[in-house]
Amino acid sequence: MMGGWYRDNHFILSGYRPATSSYLKSLRSLTYWHNETVNIYSHLLGAVFFGVLSSILYATLSPRYPSASSGDIYAFLCFFIGCLFCLGMSAFYHTVSNHSHEAAKLWNVLDYVGIVGLITGSFIPSVYYGFMCETLIRDGYWTMICTIAIACATVSVHPHFRTPKYRPVRTSMFVAMGLSGVLPIVHGIQLHGIKEVERRSAMSWLLAEGAAYLVGALLYAARVPERWMPGRFDIVGASHQIFHVLVLVGAGCHLKGMVVSFDNAHANGVQCT
């Protein structure tokens with residue numbers, strides 16, 4: 001039977017898998033419905049989707065403009081690596097979380113590291129296009145996000161920082177990492193104005209991305225809607241599942257913004273004065 005370590009949401013009353021102590025048996029749970037099925041397949045299929053899309057975009061975007069360079073390829077590559085790592089770690093964690101308490105803790109840590117990867121991989125291309133001509137500013141923001149990413153990954157992985165005592169520290173660092181994306185937008189508006197930031201960074205798509213992540217995080221933190229009807233959303237419709245879907249929406253918005261930024265940057269050739 002499952003222990004309290006697995007039932008972290010008291011409003012989810014059923015659909016729990018038995019502890020397996022076997023990765024193979026946990027993987028077999030992919031073949032039947034339970035309360036982690038949507039969490040697993042939303043990000044597993046999402047990873048497949050973004051993986052296929054990366055190949056399609058490489059084939060269609062690379063030859064679109066003569067001014068397109070390896071910098072564009074690396075910018076998109078950073079996003080796809082971060083996205084696939086995040087979705088892959090998430091899907092695997094939710095698949096094997098019923099293995100044992102120790103395995104659940106290990107893969108939950110890597111799930112958090114995957115979140116760090118997604119944030120970092122999204123930040124890098126946004127700054128690349130937002131400050132394509134201001135390389136010093138661009139490099140400064142890249143250094144900042146990589147430093148924060150290393151710090152967040154460290155507090156996620158190191159046992160010393162995984163104790164309840166350091167929970168506020170871990171939370172604060174992840175919040176800081178998420179909010180760090182606001183800084184280059186505000187800086188860009190200060191330097192170039194809103195219209196130019198929209199042209200360079202596709203700011204409206206970034207705001208849509210942020211809204212998707214924020215709504216998902218708030219629902220997840222509030223345990224809504226299962227809090228209102230315990231047991232009703234055990235298999236489909238729980239807050240964690242909604243959060244997973246909104247992560248995909250947010251990643252899709254970010255990718256759309258990157259394509260818009262790419263087109264805007266190269267439609268008339270890159271012109272830095």
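Heads up, the Cβ atoms here are built off N, Cα and C, so glycines get one too.
Note that TrEMBL annotation is computational and uncurated.
Small disclaimer: the values here were computed from a predicted structure and weren't measured.
Noted in TrEMBL for the protein shown:
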| type | residues | note |
| --- | --- | --- |
| TRANSMEM | 38-61 | transmembrane segment |
| TRANSMEM | 73-94 | transmembrane segment |
| BINDING | His94, His240, His244 | Zn(2+) binding site |
| TRANSMEM | 106-129 | transmembrane segment |
| TRANSMEM | 141-161 | transmembrane segment |
| TRANSMEM | 173-190 | transmembrane segment |
| TRANSMEM | 202-222 | transmembrane segment |
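The listed stretches are 38-61, 106-129, 173-190, 202-222; of these, 106-129 has the most Cβ pairs under 8 Å to the transmembrane segment (141-161). If you look at the transmembrane segment (173-190), the same-chain residues 6 or more away from its ends with a CB under 8 A from one of its CBs are 112, 115-116, 119, 122-123, 126-127, 130-131, 137, 141, 144-145, 148-149, 151-152, 155, 196-197, 200-201, 203, 206, 210, 213. Under a cutoff of 8 A between CB atoms, and with a sequence separation of 6+ in the same chain, the neighbours of His240 (Zn(2+) binding site) are Asn9, Asn39, Tyr220. Remark: of the binding-site residues His94, His244, the most isolated position is His244 (fewest other Cβ atoms within 10 Å of its Cβ). In sequence order, Glu36, Val38, Asn39, Ile40, Ser42, His43, Ser90, Gln241, Phe243 are the same-chain residues whose CB sits within 8 A of the CB centroid of His94, His240, His244, the residues recorded for Zn(2+) being left out.
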